[in-house]
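In Swiss-Prot this protein carries:
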type    : residues                                                       : note
BINDING : Cys3, Cys6, Cys15, Cys21                                       : [4Fe-4S] cluster binding site
BINDING : His244, Glu268, Cys312, Cys406, Cys434, Cys459, Glu494, Lys496 : hybrid [4Fe-2O-2S] cluster binding site
MOD_RES : Cys406                                                         : cysteine persulfide
Amino acid sequence: MFCFQCQETAKNTGCTVKGMCGKPEETANLQDLLIFVLRGIAIYGEKLKELGQPDRSNDDFVLQGLFATITNANWDDARFEAMISEGLARRDKLRNAFLAVYKAKNGKDFSEPLPEAATWTGDSTAFAEKAKSVGILATENEDVRSLRELLIIGLKGVAAYAEHAAVLGFRKTEIDEFMLEALASTTKDLSVDEMVALVMKAGGMAVTTMALLDEANTTTYGNPEITQVNIGVGKNPGILISGHDLKDMAELLKQTEGTGVDVYTHGEMLPANYYPAFKKYPHFVGNYGGSWWQQNPEFESFNGPILLTTNCLVPLKKENTYLDRLYTTGVVGYEGAKHIADRPAGGAKDFSALIAQAKKCPPPVEIETGSIVGGFAHHQVLALADKVVEAVKSGAIKRFVVMAGCDGRQKSRSYYTEVAENLPKDTVILTAGCAKYRYNKLNLGDIGGIPRVLDAGQCNDSYSLAVIALKLKEVFGLDDINDLPVSYDIAWYEQKAVAVLLALLFLGVKGIRLGPTLPAFLSPNVAKVLVENFNIKPIGTVQDDIAAMMAGK
């Protein structure tokens, strides 16, 4: 195996024996083969589009296939084998459609050479062996490999956001078309400039997709609003829901109503507490625990069923006993966990098994008490715009520091807690994603009633932070987003954070600090391009970085 898509990859070069995430070699290789098959689908999809006969029948499959390969999403080899088999069947159906259209248009059979991703075939007994030859290292040139993987890794993040929007009935053809264009491009001999242009286009598509998901979430569930979220527990048994899928959240709340079973969020589902549509449920108690990497002891002490709607799912440790109450749904898979099937057309997922099991479980063990505040997405912050602008003009707020992104296991991430603790009292932290758990329970106070930590929501709600920045640029009459009193100190872990990073670069943001390490998939030459064009920089010491940010550097 060779995998370097996450921040915790071995020695910051790549995992070759077993993933630092816990992913076995066999699973990693099957993920590579699935991407290979998706490239084959994309090749024929692109060719049909060129002939004026675009085929949209594989759009959902492509999104879900990319999403399933995100770090800590799917650990189930059988699920990957099934997706690969389905992908090959879909590709071959698409090939036949293309060959027929080509012959009808040109009066002759198609005879040009095609990449292997468009032609290889084999049954499940051949998957393991084939997977070894189609991975990342199949591309020999280091810089070409780096640019292709930067594109694919960013594409995985965009696909995750597009899939969430699609579940709510929101999609844009341009996003689905770009999925095919980007995947197919990685089978072509393109110039460096062409590949860089595609990476930047992925950043633009990340903005489009996050905007679409924002529209989907807020149209369906209302605009997030300032909310005090309980982090204690009640006396009833509960169900813990983690991940990002708000439709799963909505259906679970509805089905648990009146059952005597409470619902708690975990990890990236915390922002569900901010949406008006969910506040009407009195049995929605609050949030339990911290970010994804702390889940083993937290899932253990929760006592009730746990539902993983998306990443991040961490492998169970030997001492863990909660596998019999672990449920997955959507693209998530884990051998031994129960999987909740997709909703039928026009229907809802069936969570009755979780509810029945919850009724037999003791209530959650209390691990903390109190509350945290959030709900500062763009609609809410812009409603406070006059107050914020006045605070900036008066000097009460000297600087905003965007500390969005992911949390992770590495001890070096204490940097983000220390930055939050040591920033001057006239600064405000803007955050989204699970990076917030490094400082959202600190008592950092407020500035004239404006909390010093403004949590916009999930990682995709980094879009809100971009909207806020663009609005401030307009209010202050600035020509360049980089002239704002805003610094970016971003923590990354998985592929959605890469999509967010590309979105910020597309919007012209420069001087981003990215940590705790720069991505292993950036070759020295590609990293140099990002440094020279966008002034991306690694994190340094807490005091040096704070001093630089306060000086606008």
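Cβ from N, Cα, C; glycine included.
The Cβ of Cys434 (hybrid [4Fe-2O-2S] cluster binding site) has Gly267, Glu268, Ser291, Trp292, Cys406, Asp407, Cys459 as same-chain neighbours under 8 Å, each 6 or more residues away in sequence. When the binding-site residues His244, Cys312, Glu494, Lys496 are ranked by how far their Cα is from the Cα of Cys15 ([4Fe-4S] cluster binding site), Glu494 comes first. DSSP classifies His244 (hybrid [4Fe-2O-2S] cluster binding site) as coil under the three-state reduction. With respect to their backbone Cα atoms, Glu494 (hybrid [4Fe-2O-2S] cluster binding site) and Cys21 ([4Fe-4S] cluster binding site) stand 11 Å from each other. Cys21 ([4Fe-4S] cluster binding site) has Cys312 as its nearest neighbour among the binding-site residues His244, Cys312, Lys496, going by CA to CA distance. Least crowded of the binding-site residues (His244, Lys496), judged by neighbouring Cβ atoms within 10 Å of its own Cβ: His244. Lys496 (hybrid [4Fe-2O-2S] cluster binding site) sits 10 Å from Cys6 ([4Fe-4S] cluster binding site), taking the C-alpha atoms as the reference points. The number of other CB atoms found within 10 A of the CB of Cys3 ([4Fe-4S] cluster binding site), across every protein chain shown, is 27. With respect to Cβ neighbours within 10 Å, the binding-site residues Cys21, Cys459 differ, and Cys21 shows the lowest count.
Between the C-alpha atoms of Cys312 (hybrid [4Fe-2O-2S] cluster binding site) and Cys6 ([4Fe-4S] cluster binding site), the distance comes to 12 Å. A coil conformation is recorded for Cys406 (hybrid [4Fe-2O-2S] cluster binding site) in the three-state DSSP classification, outside any helix or strand.
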